[in-house]
Structure formats: C-alpha cells, structure tokens
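Record features (TrEMBL):
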type	residues	note
TRANSMEM	118-140	transmembrane segment
TRANSMEM	160-182	transmembrane segment
TRANSMEM	189-207	transmembrane segment
TRANSMEM	213-234	transmembrane segment
Amino acid sequence: MRTLALRGGGRVAVVAAEWRDVFLVVTRGRVQLELRDGEPGPVLGRGAGFWLRGTGVRALRNPGRRTARVRVVAPRSGPSHAGQHIPNVLWRNAMNSMNNAGAVTRPASGRTSRTGRLALSGFAATLAAMAATTLAAALAQAVGVDFELPDGGESIPLPGFAVVTGFFSIVGCVIAVALLRWSARPAERFVWTAVSLTAISLVPPFLSGANAATIVALLGLHLVPAAVMIPTLARSLRTPADRGR
C-alpha cells in the first residue's frame, strides 16, 4: 500500500499495464479522473474509492490548490520478484516514471487546453454580445427610445452599452474559467449562476425612474448579451457526461 501525493493542478498518468489491479482511495482533497479522450471526468472527494481496471481512466488530476493524497492498494497475491511482491515492483516503476515517487507532477495540459478554448470562445462571444447589444440599442433609438435617465437628464450613449456589455461579459468568462477548474459539473453550475445574475440585473431598470419605453428597452438589452454568452460558454464547459445526457 502506498500514498500518492498530487500537488495543486498536478497530473499523474495512469499506465494501464501497471495500474490495472490497483484500488485507489482519496484520503485528502479531491481527485479528478481524466477520461480516455482527455476530457475531465468526475471529481472524487475524500473517502471515495475506485478500481482502475476497465475504466478507461488515463490520468489522475488535482483540481484544487492544495495537495491531494490518494492511497493505492494493490493485491499481494501472486509471484514475487527478488523478495518483493509484483505490485510493489510495478508501483516502484510507475513512480520512477512519474518523476521520483510522484511528488512532482506535470501541469494539467488537458485542462490548460480546455481553458484556452474556453477563453477563445468567451472572447468571440464577448465581441458578438457587444455588437449585438449596441445594434439593438441603435434600433431602439431609431424607433424613438431616448434612454434618458431622470438622474441628470442625460441619455445613455451607444458606446456606453458596448462598454458595460463587454465588462460583464468578461466577468462571465472569469466565472466560467473558475468553474471549469473547481467544479465537477461546470456547465450546469455556470448556467445556474449566469441565469441568476441575469435575473438580478433586470431589477435596476425598474428603479431607474425612466419612462416605460426606456425600461422595456433596457430589459431587452440585458437579455441580448445573456442570450449570446450563456449558451456559448455553457457549450464550452460541457463534459462528455453532459453530452451523453
């Protein structure tokens, strides 16, 4: 029986030929399974145990910041080699291939690539949301909405819609990246969070004291970027388990 230490954000490859008969128990922190296609699998908490045989798991990851520990239990039956049981020899070989007992782990390259794809999708969606919101505001002005607020009596300029939309879209991207790193169900969590924040954002127009046309237009302009950002980021956050539902 051995204990594997995974530093925050670390990754340890699973060699099927050497790890097929071991049983693992998470004793500290959380461990995420990396599936055969490189996509992140379920996140297992303290006390969770699992066999590697036949699972298709190709690596173990630590999605948190603190070091996680996994107890590795191998059967002791079978022939020995130089006085050592075969599982222990296999364990030693595996640990040597993981840079001296697994204390130093490689960066989570798969997660990094997913984060990069998410950032690109978020950037493109942010630009699209800014353009769509500004266009919608221009159309509203064209039909007579003045966007005038009683406080100061000034109208909201078109560039102001683009700036505010861009800022909150970036906030949404940051939330998505955080959930990708720390949540076992990032897409589901993101949708709930984004929808809740969008609902809260619909309150201020009613408190602005503007006329009815402006209030209705502002409500619509809150929903336009949400309709662009939420589906785009949610798709980028989906795991294979989500796609199979």
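Numbers here mean position along the shown chain, with the first residue as 1.
Every residue gets a Cβ built from N, Cα and C, even glycine.
Note that TrEMBL annotation is computational and uncurated.
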Is the transmembrane segment (189-207) close to the transmembrane segment (118-140), in the sense of at least 3 CB pairs under 8 angstroms with a sequence gap of 6 or more?
no
Using a Cβ-Cβ cut-off of under 8 Å, list the residues of the same chain that are 6+ residues beyond the ends of the transmembrane segment (160-182) and lie near it.
63-64, 111, 114-115, 118-119, 122-123, 125-126, 129-131, 133-134, 137, 189-190, 193-194, 201, 221, 225, 229-230, 233, 236-237
